[in-house]
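Undergrad: Pulled these features from Swiss-Prot for this protein:
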type     : residues                                                         : note
ACT_SITE : E268                                                             : active site, proton acceptor
ACT_SITE : H283                                                             : active site, proton acceptor
ACT_SITE : C854                                                             : active site, for EPSP synthase activity
ACT_SITE : H1199                                                            : active site, proton acceptor
ACT_SITE : K1228                                                            : active site, schiff-base intermediate with substrate
BINDING  : 43-45, 78-81, 109-111, D114, 134-135, K156, 174-177, N185        : NAD(+) binding site
BINDING  : R125, D141, K147, N157, 189-192, K258, 272-276, H279, H295, K364 : 7-phospho-2-dehydro-3-deoxy-D-arabino-heptonate binding site
BINDING  : E189, H279, H295                                                 : Zn(2+) binding site
BINDING  : G896, M897, R898, A899, A900, G901, K902, S903                   : ATP binding site
REGION   : 1-392                                                            : region '3-dehydroquinate synthase'
REGION   : 405-872                                                          : region 'EPSP synthase'
REGION   : 891-1081                                                         : region 'Shikimate kinase'
REGION   : 1082-1294                                                        : region '3-dehydroquinase'
REGION   : 1307-1589                                                        : region 'Shikimate dehydrogenase'
Amino acid sequence: MVKFEKVPILGKESIHVGYDIHTDMVQTIINDCRSSTYVVVNDTNLSKVPYCQDFVQELRSSLPEGSRLLQYAVKPGEANKTRSTKADIEDYLLSKGCTRDTVIIAIGGGIIGDMVGFVAATFMRGVRVVQVPTSLLAMVDSSIGGKTAVDTPLGKNFIGAFWQPQFVLVDVKWLETLPRREFINGMAEVIKTACIWNGLEFERLESNAELFLRVVNGSKVIKVNGLSTGEVNDIHYTNIEAMLEHTFKLVLESIKVKAEVVSSDERESSLRNLLNFGHSVGHAYEAILTPQALHGECVSIGMIKEAELSRYLGILSPTQVSRLTKILAAYGLPISPEEKWFKDLTLQKKTPLDVLLQKMSIDKKNDGSKKKVVILESIGKCYGKSAHYVNDEDLKFVLTDETLVYPFSNIPQEQAKTIVPPGSKSISNRALILAALGKGTCKIKNLLHSDDTKHMLTAVQELKGASITWEDNGETVVLEGHGGETLTASADPLYLGNAGTASRFLTTLAALVNSSSKQDYVVLTGNARMQQRPIGPLVDSLRTNGTKIDYLKSEGSLPLKIYTSTPFKGGRIELAATVSSQYVSSVLMCAPYAENPVTLALVGGKPISQLYVDMTIKMMEKFGIKVEVSTTEPYTYHIPKGQYTNPPEYIIESDASSATYPLAFAAMTGTTVTVPNIGYESLQGDARFAIEVLRPMGCKVEQTANSTTVTGPPTGSLRPLKHVDMEPMTDAFLTASVVAAVAHDNDTDSANVTTIEGIANQRVKECNRIEAMSTELAKFGVATKELPDGIQIHGINSLDLLQLPSNSTGPIGIESYDDHRVAMSLSLLAGMVNYSKSHPAADIKPVRILERRCTGKTWPGWWDVLHTELGAHLDGAEPLGYLSGKKTKRSVVLIGMRAAGKSTLGRWCSQILGYELCDLDVLFEKQYAKGTVKDFVAEHGWDKFREAEANLFKETVEQYGDGGYVFSAGGGLVENEVSREHLKKYASDGGVVLHLHRDIEETIVFLQSDPTRPAYMEEIRDVWERREKWYNECSNFAFLAPHCSNEKEFQHLRKSFANYITAITGNREVQVPNKRSAFVCLTFGDLTEKASVLPSIVRGCDAVELRVDHLAKYDSQFVSKQLSTLRTATNDLPIVFTLRTKKQGGKFPDEDYTGMARLFDVALKACVEYIDLELTLPIDVQYKVSNTKGYTKIIGSHHDFGAKYPWKDPEWENRYNQALSLDVDVIKFVGTATKFEDNLALERFREEHKSKPLIAINMGEIGKISRVLNPILTPITSEHLPNSSAPGQLTLAQINKIFASMGGITSKKFFVVGNPVSHSRSPVLHNTGYKLNGLPHHFDRFETDSAQVVKETLLDGEPSLGGLAVTIPLKLDIMKYMNQLTDAARVIGAMNTVIPLGNHHFKGDNTDWIGIKHSLTSNGVPEKVSNVAGLVIGAGGTSRAAIYSLHNLGCHRIFVINRTVSKSIELRDSFPQEYNVVAAETTQQIDHLNEHIGIAVSCVPADKDLDTELLAKLERFLHKGKHNSFVPTLLEAAYKPDVTPVMKLAHDKYQWQVVPGRELLVHQGVAQFEIWTGAKAPFQEIFNAVTRD
């Protein structure tokens, strides 16, 4: 049991720390803070915690006579840490007669402590306060030191005071109920205080991380009974007692640090700002990522960034950064904003560099605009006594993963530097394996602290191979080996990142591992690249020797499952070693522990990298095992059985491969660099680099047994190396390549060629390094040629010829391929660009290196050395994608079965997006050049075709993925695993992979009659069933294309597909309504049976809800068909996809999370406009949907069917905060009204919660009024539905009538004005809409030919005027009375709509053009056309609206014909030039046109015959009617007769589709209706009413 401790602060022992000390806390308050009134303030969540209830009860029962206890609960969450909440508390205190002797007890986390402390500081000019912190963060940070504050809209903690509490009573028992994430969040501050002040405590924290995480991860939710209410509540429970000593100690030590610092600097003038380590950067991240990211999580990232800054400035060692990184990760905290789990948690939010710097600029530590950061000197010690000024350039560097390298021309040639590279990766990994297998304690010094060795150390610990501790402030690893006796299978897979060395060494080591009681295998896995790298020869060898190993994914690569029940037998082992020497070293090191002595024979030719094999043998000898080289067989070794004996100390040589970079820097810049611990006695082959590569190229090289010094020749005078065999030092070829790029001689015949060979293994390293260097050197203007086992580099003749990497759009980045050696070598070449050019500093363009952090694999501090020690000018850079701000034209890949519609929809897709269409089968046939796909299959077989098809797809999508193409792929592309990987990668990188599918029965019927394609070798249904899962896993979108049997159905499909494709490509965004709106709820089992009635059901709605849980079947194909049916039947009304679970009032099984995830995936691929996401679902389900939502909006919903939670209950506040943290787009709360006052409480809740659009309603008869008052997306029913989906639902008309009766909708009067208007259909049109929608308005006629009369009588004289429809002769005359004109009215030059703006101001509009457009688009013309010309017949007023409309549709040219040619010319000249209006003057002119006319609008009188000349022109144009994506369409502007002569001619003689003028009449009136009322018009009912006679 831990003891009770008191910690002094500011000269008083006022901080008490213990476990289960509530009695001591009560006595301290009663005895040392005597008062007539004690006030406990906590949040409503804490009121549910039994320990809080016990504490308050004990305090109440212990009160002395004459004292009273009050308790006040505030709403939880940062959103309530406001001046308003503070005022509420103060009003409560005043109402209860609290005076100056009041003692306030703040029980809670930092929010409560900060706010209640501020109340105490100001109430009655200051009253006493006792802090009782309940969160880890509050215990160790916010409760200590007297800082108090509330938030403001402009920032957190901007208003507050220093007010020291009487006591801080810290009982770690509170932590039992702290949620897991909050617990881990608090550890950031604990680690921070140890990091800046207490190195010993940091070490203790390091050694207890595993225990902490195990206990905290075991946190669970339990049910407890409330003492006062009897309610059963869910709370978190963590078994603190399982780590009590550690928890108590970490809290106590952290408090001691803060107390000591505060005592020295209470008001944060100097020393106290050291406590802000990690906060300068952390607060900037928090400002962007809140509320998804917690304070401690952001501070954790901030600590890493600020530590990296310290390292970058040459103050902090890389080892110390590594220790900090490890401990934060070990306690479950993020170490980078790019970690996948953290990105998912923060919903993929971006953290732009300029925003981070701007947020940092308002840090309280700053001096004006100068930023200050706490600099760490070592673990446990800060650099100086306060924060330091830092410049933006250095900050930008550490904040980004892209770096700008400026020319090295600032570096003086006489510069001489000594650089010590980190420990050798090769030696470090070997030493760890040998020491883990060895017996005894070994102190390993100069170990490389990198990703590779981190994975190796973790694996050794997971396999229980050794005990690992640290000395010398983390610089020395102390490894106590157990002689291989304790090796045990780990429960979890060993993740090795991209650590190739670790993966190969551990593969053989795993064969020595013992089975545990629960597991008899070890799984090795890694990242995506690691899962492509070869390990086959080693696995083959071990399998042959008796070890059972399974490939879990791809043959020949990780992940591997290595069975521990099959022993490593030993004896003769044959191994192919032409790919990697690491296979050899892996077997060599483990061979002494085989059952029998090992004879290792390397077969298949000369082994690669023999020197690394020699290195392993020498190191084995140091650990006590001597390997004998066979004298009778080449490349054969005899290894005896035995056990390694660990030497007391082993010093790792610096990495010779890494040493090549500073030495090459000297060579290229003409400076001098010494590497003091690598010479000719080195174990590493790369130590030869200076002698064998740099010296022949013109450098002065001095090498001793243990040091190497290089002095470069004058800059620009390096010589090519005609030929070098780099087989002994293959990793150094990249460095040699960049040196060769700037090498030239005076021999005109040599072409400055440097030939490097012996490096074939470099193709299977972290990337294909030979290809990577060839690709990236080309960006600098350096030519190369790949050789079978090497590369030729054609050096440039002058440094001036070295190019800045760029393309037609500007500078581009240098790719690193996630390869440390690629990045480091190319950083040297980058500094030589513009080296000798004299430009003003502002004009010098740097070279951008991408993924700079990949150097962490072997030299995390490389950039620090390049900048701080070698003097290079570096800067950080925002990723180019952030900077452009442009939408890229990401190509669309169509996949799916034959006959799924890829050809037709592919053509439509290309036209809608303006992309190029490319059929991959056609492209294949072009490249094959010997016939069709069918011919290729006949000659080579399907497997060869699939292989060739995969290569073609990879090359095509890599080259043209951003080029704006629609790629139509063959149905079987997904049959090939390589193709599937490329498809998935393209989708994950932001490309569109669209699966087109249709009913399989229809597909079978079609395919059985298609002779043009190679025949399936099996049943079509079997093919579909095999491929279906592949189509699903490879695609990120899916569209079901129903079979179309007539032109009308094709029109519906095309329109639906156009809406879909523009949505998934980001060209059409879902707009959440900001006005009164509604959606109808559908609960049918099968919509296909109700398709005919759906248009009536959704009348007047802004969206339609599909209750998927009510469907007859939940299979994906069925649900997809329902969505397709709904889209078609409702004219693509936005869909709300709702999967309501049983406990939230629906029918879907509560625990079927797999089925739920599958159906949400269907919805997201279908790009539904809204997904209803229940806030009670598991967090992983919620985050999966939130992180993959794409362009879909999320409605976060919560329902209370049992009337369990009044609107004041914290349940709603907690759910609201949860919805905010999920960053949903709309919040939907549904309560149940048991009394009318519940509706008033709901409205108060709505008024106080405006951060997000909120749907809030009460169910039941009493709650109907809440549906009327709800402002957006109100769920409604319809008179055409058999029943409503929820109790109390109303129709849209009912809602509007009730709302109008309450004064919510003011009755308006509307008129049609002009002369004559007696036969106008406008009153019928509008009044029908008002009646059906339940609106209180009335539309009438006002006949006059005087605009003046309209102004006096209606514009000035009618107070309830809602709008005017204007007809002849007033369309021009009334314009002078308008205060504003829309663009349409201005360009057309006439108006037909008056819109009141208030205060006797009016806007003039013209909806004729909308009527024209909607008449066309509702009959199959796309919303946007491409390569289509339009025709307008006539030159009157309607013709102007027609031209405006055709231009809006996208017609690239608009022809006008008219009886009087001069009128056509006059019309043409009145429009802007970009409209491209052409007056067709003669028939001969038309004959010579090479245009296809797709759309025509007839604006000539329908009651007169066309004159001969006009008719001749019209017929010529109609003859040119053609468009391959829609039927040529003519709209008649005249309302009567139903069929005009122009319509008859176009339809009967030229097969045009014709649209009667009544559609134009209704569409333009409906546009007016929606402008005036803001409501959706019931189009079909209005159309029927208008055209009835």
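All positions are counted from 1 along the displayed chain.
Any Cβ shown, glycine's included, is placed from N, Cα and C.
Each of these features: where is it, how hidden is it, and who are its neighbours?
TA: DSSP assigns E268 (active site, proton acceptor) to coil in the three-state reduction, placing it in neither a helix nor a strand. Other Cβ atoms within 10 Å of the Cβ of E268 (active site, proton acceptor), summed over all protein chains shown, number 19.
The secondary structure of H283 (active site, proton acceptor), as reduced to three states from DSSP, is helical.
According to its DSSP assignment, C854 (active site, for EPSP synthase activity) is helical.
In the three-state DSSP scheme, H1199 (active site, proton acceptor) falls into the strand class.
The Cβ of K1228 (active site, schiff-base intermediate with substrate) has D1172, I1195, G1196, S1197, H1198, L1254, I1255, A1256, L1273 as same-chain neighbours under 8 Å, each 6 or more residues away in sequence.
The C-beta environment of L175 (NAD(+) binding site), restricted to residues of the same chain at least 6 apart in sequence and closer than 8 Å, consists of S135, L136, M139, F183, T238, I240, T247.
Secondary structure from DSSP puts N157 (7-phospho-2-dehydro-3-deoxy-D-arabino-heptonate binding site) in a beta strand. Sequence-distant contacts (6 or more apart, same chain, Cβ under 8 Å) of N157 (7-phospho-2-dehydro-3-deoxy-D-arabino-heptonate binding site) comprise D114, K147, A149, V150, D151.
Taking a C-beta cut-off of under 8 Å and a sequence gap of six or more, H295 (7-phospho-2-dehydro-3-deoxy-D-arabino-heptonate binding site) has these contacts in its own chain: G110, L137, N185, A188, G282, E286.
Its Cβ taken as reference, G896 (ATP binding site) is surrounded by 27 other Cβ atoms within 10 Å in the chains shown.
Mean per-residue pLDDT, taken over the region 'Shikimate dehydrogenase' (1307-1589), amounts to 95.
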Undergrad: Where among 405-872, 1082-1294, 1307-1589 do we find the most Cβ pairs under 8 Å to the region '3-dehydroquinate synthase' (1-392)?
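TA: Against the region '3-dehydroquinate synthase' (1-392), the leading stretch is 405-872.
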Undergrad: Least buried of the binding-site residues D43, E78, E189, going by other Cβ atoms within 10 Å?
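TA: Relative to the other binding-site residues in D43, E78, E189, E78 has the fewest Cβ atoms within 10 Å.
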Undergrad: Going by DSSP, is A900 (ATP binding site) part of a helix, a strand, or coil?
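TA: For A900 (ATP binding site) - judged by DSSP and reduced to three states - the answer is coil.
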Undergrad: When the Cα-Cα distance from R898 (ATP binding site) is computed for each of the binding-site residues D43, E78, E189, I191, L275, which gives the smallest value?
TA: E78
Undergrad: Take the Cβ of A899 (ATP binding site) and count every other Cβ within 10 Å, whichever protein chain it belongs to.
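TA: Its Cβ has 23 other Cβ atoms within 10 Å.
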Undergrad: Using Cβ atoms only, which residues of the same chain lie under 8 Å from H283 (active site, proton acceptor) while being at least 6 residues apart in sequence?
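TA: Non-local contacts for H283 (active site, proton acceptor): C298, G302, K359, M360, D363.
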Undergrad: Looking only at C-alpha atoms, tell me how far E189 (Zn(2+) binding site) is from A899 (ATP binding site), rounded to the nearest Å.
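TA: Here the two Cα atoms lie 61 Å apart.
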Undergrad: Using the alpha carbons only, what distance in Å do you get between A899 (ATP binding site) and H1199 (active site, proton acceptor) once rounded?
TA: 44
Undergrad: Given the recorded positions D43, S903, H1199, which one's Cα is the least distant from that of I191 (7-phospho-2-dehydro-3-deoxy-D-arabino-heptonate binding site)?
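TA: Going through D43, S903, H1199 one by one, the Cα closest to that of I191 (7-phospho-2-dehydro-3-deoxy-D-arabino-heptonate binding site) is D43.
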Undergrad: Please report the Cα separation of A900 (ATP binding site) and H279 (Zn(2+) binding site) in Å, rounded to an integer.
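TA: Approximately 56 Å lies between the Cα of A900 (ATP binding site) and that of H279 (Zn(2+) binding site).
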Undergrad: For K1228 (active site, schiff-base intermediate with substrate), which DSSP three-state class applies?
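TA: K1228 (active site, schiff-base intermediate with substrate) sits in a strand per DSSP.
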Undergrad: For the recorded ATP site formed by G896, M897, R898, A899, A900, G901, K902, S903, which further same-chain residues have Cβ atoms within 8 Å of the site's Cβ center?
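TA: For the ATP site the neighbour list reads G971, L996, R998, T1003.
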